[in-house]
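Peer 1: Please find one structure pasted underneath; my questions will follow.
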Amino acid sequence: MHRDCLPLPPAAPASGPNPAATALIMMGGGARAAYQAGVLNGVARIAARLGKVQAALPFGIIAGTSAGAINGAGLAIHAGDFQAATQSLGALWHSIHADEVYRTDVLRVGVSGARWLSTLALGWVTQRRAPRALFDNTPLGSMLGELFEPARVQASLDSGALQAFAVTALSYSTGRHVTFYQSHHRIHPWHRSQRIAVPAQITVDHLLASSSIPFLFPAMPLELDGHHEWFGDGTMRQMSPLSPAIHLGASRILAIGAASRQRSGWFDTMPGGGYPSLAQVGGQALASIFLDGLNADLERLQHINRLLARMPEVAGDREGWRPVQVMTVAPSEPIEAIAAEHQKQLPRTVRALLAPLGGTEARGAAFASYLLFEPAFTQALIALGERDAAAQADELAAFLYGVVPGTAPEAPEAGDRAAEHAVSP
């Protein structure tokens with residue numbers, strides 16, 4: 001993208017930050033994204049305490065990847081009523097079950113397991129029947145078809161309650177990250193090395209593509225430039241997750257991650273054991289795919305900010321660079337430890353499939369956490385997200401609503417999680 005295509009953020013009103021130039025970014029894999037619903041519940045409570053009960057979203061730009069794209073869609077269709085949006089999203093995660101996301105019946109899981117076994121053992125014989133994924137996520141497509149109405153996203157854009165909504169997926173066909181976006185104002189498509197953006201009406205297929213965890217869920221075909229490409233989870237190799245929001249005009253970004261703030265010491269408490277199981281290896285592989293991009297991007301922005309501070313003549317929208325404030329909220333407790341407490345909640349058929357891989361053992365909890373779409377686990381993550389938002393209530397109130405820290409009603413003490421960065425996407 002050329003620098004002169006970068007949309008300038010609207011001027012902030014005197015009353016506080018301008019929602020039109022504030023973005024929400026959500027990244028998360030599988031059931032872990034329930035944490036985001038909890039954080040959003042906490043933000044909604046802050047808004048209610050500030051008297052903004054019937055107000056629109058405090059972020060006019062939403063960019064979602066993986067399961068975060070689904071959460072973003074839930075907000076986008078209710079952009080005019082933040083309280084209703086968070087209540088709807090919270091209710092979904094509060095009562096979700098695995099069989100609403102992927103097939104857990106004996107026949108389907110058994111056939112899938114048999115095909116994978118035969119492929120691994122006799123792949124040269126069974127090429128025509130090679131499985132596409134470990135699980136069939138047709139139920140998720142059906143559920144999203146009932147809950148997500150693309151026309152409501154456009155209605156939110158037309159009303160001005162939403163400025164832009166973006167979903168990112170990875171093309172298996174070309175290796176490029178593609179951001180599909182809808183916007184209230186005309187935004188020029190942008191091109192960077194191995195990542196592009198195109199305007200599109202976001203549909204259920206886009207949400208399924210962005211949230212198709214590799215190996216677990218099948219790839220999705222999407223139309224791009226007049227032809228179809230196969231897409232998978234957008235968090236894979238996503239090194240610049242903040243970029244779409246900045247291109248769409250954000251000058252402030254709230255990023256809700258799914259990685260613990262510090263390295264989890266939970267694994268250190270596990271017995272040494274022998275050779276790592278496939279589930280343990282898979283859990284670490286998925287963690288590297290899903291959890292490292294945001295922190296790496298933030299570190300990069302901090303370096304850029306320090307350089308710009310020494311070269312003020314370079315900063316400024318005229319040169320394509322501008323300051324962007326970024327605040328992050330991330331789990332204060334290791335999600336793996338929470339998952340380990342609820343692994344037995346997985347459907348019996350799924351446990352039977354994962355057991356030979358070590359997916360039902362404590363050290364396989366990280367892998368299982370992506371599939372734990374069960375109320376006991378998701379409710380625990382929602383509660384964690386609510387606690388983390390409450391712990392940062394002063395900071396969130398200041399960042400989103402311009403409230404002076406310490407003056408928000410009933411706001412508990414918050415840690416220092418906001419940082420100002422200067423970026424050019």
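FYI, residue positions are counted from 1 along the chain as it appears here.
From the backbone N, Cα and C atoms, a Cβ is placed for every residue, glycine too.
Quick paste from TrEMBL:
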ACT_SITE  SER66  active site, nucleophile
ACT_SITE  ASP233  active site, proton acceptor
DOMAIN    24-246  domain 'PNPLA'
MOTIF     64-68  motif 'GXSXG'
Peer 1: So what's near the motif 'GXSXG' (64-68) in sequence-distant terms, Cβ-Cβ under 8 Å and 6+ beyond its ends?
Peer 2: 25-33, 36, 166-169, 210-211, 213, 233-235, 238, 241, 256, 290
Peer 1: Return the average pLDDT for the motif 'GXSXG' (64-68) as a whole number.
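Peer 2: Averaged over the motif 'GXSXG' (64-68), the predicted model reaches a pLDDT of 95.
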Peer 1: What count of other C-beta atoms do you get within 10 angstroms of the C-beta of SER66 (active site, nucleophile), across all chains shown?
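Peer 2: By my count, 32.
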Peer 1: What's the CA-CA gap between SER66 (active site, nucleophile) and ASP233 (active site, proton acceptor) in angstrom, rounded?
Peer 2: 5
Peer 1: Would you list the DSSP helix, strand and coil counts for the residues of the motif 'GXSXG' (64-68)?
Peer 2: 2 helix, 3 strand, 0 coil
Peer 1: Taking DSSP three-state, what's the residue listed as 'active site, proton acceptor' in: helix, strand or coil?
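Peer 2: DSSP assigns the residue listed as 'active site, proton acceptor' to strand.
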